[in-house]
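Asks: Shown below is the structure under consideration.
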Amino acid sequence: MDWLALTLAGQSPVSTQGRTAQLSWHWRGPGLLELIPHESCDEAWVISAGVHGDETAPIELLAELTADWLAGRRPLACRLLLILGNPAAMAAGRRYLDLDLNRLFDGPRASDPPGAEPLRARQLEAAVADFWQAAEMPIRRHYDLHTAIRASAHLRFALLPAQENGYDAAMLRWLPSAGIEALVRHSAPGRTFSHFTSARFGAASCTLELGKARPFGQNDLRQFAQVKAALAAGVAADADALAALPQTEPKGYRVSQELRKHSEAFVLHLPAAAANFTAYPQGTLLAEDGPHRYRVQAAREYLLFPNARVAPGLRAGLMLTEIPLSQLADQA
Ligand SMILES: [Zn+2]
């Protein structure tokens, strides 16, 4: 079964389940594949890619790993739900068709406009709920794989959903082995997939930004080799293989303010090509929106995901301050 090809073609396999020497697989719907190892295990992982349809490298990476697990080429020691988030947008080579899927989780809400993506968000919410309820395993993880549109001072970084407690120790150990150079802690709830799985299911979740997006087949997958190796070792519960990977020493950040686009009057006073994690000094005028003025508040703040072309009501960028990594650890 070629999971990616079937998903892009909008087709289902002839048989929706099967068995190999080490696992059984279950087609749970378009872009949803569950792998259950025959050996008993105590972790249930969700790995997703393609929530943004044009972020192709993580989609290809996940498809390659899936082919390896199905062929018995790599060990599997956890229950695994694999998700290709937005197959229709993937097939069209677009970030999304109607609405940004990664702003629609934890819904529906009366303010959500109509479109293909709100329906898909409900399907994905139901799929992870079914998966974790059926799996009944104490350890839940969710890694949502993305690539960024713009240049970045940190090539690979993780976004950690806002939560009251610190973050899962095993996740914080895993991220440096995946080549992650920066960890960004959200300060407020968002409607991303990783915030949904963290808030609703207590999963150790994060969004991983893994480099720059290119069209299908044009990605240099060597750039993604380390995160692929770390995912494979993680689901194999192979601590030695994780420890053998080169480890980064990530910088820590927290979101200090959101640049929210209230109206079409929103103007971003930053160069269009400004790289992620560019630093700006206190007082810098970042954006204006009618009576709203956004300035750098702290001594120095770092820019993330500036985009003035979002719909009114959505965030047009984030500003960050640096924090010690110890502030991310679980204090409990
Ligand atoms: Zn993305």
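Each residue, glycine too, has its Cβ placed from N, Cα and C.
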Asks: To which of His26, His142, His146, His154 does TrEMBL also attribute binding of Zn(2+) at the site defined by His52, Glu55?
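Replies: Candidate in the recorded Zn(2+) site: His146.
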Asks: Quick one: pull the CA-CA distance for Glu55 (Zn(2+) binding site) versus Glu209 (active site), whole Å only.
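Replies: Between the Cα atoms of Glu55 (Zn(2+) binding site) and Glu209 (active site), the distance comes to 10 Å.
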Asks: For His52 (Zn(2+) binding site), which DSSP three-state class applies?
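Replies: Looking at the DSSP assignment, His52 (Zn(2+) binding site) belongs to neither helix nor strand, so coil.
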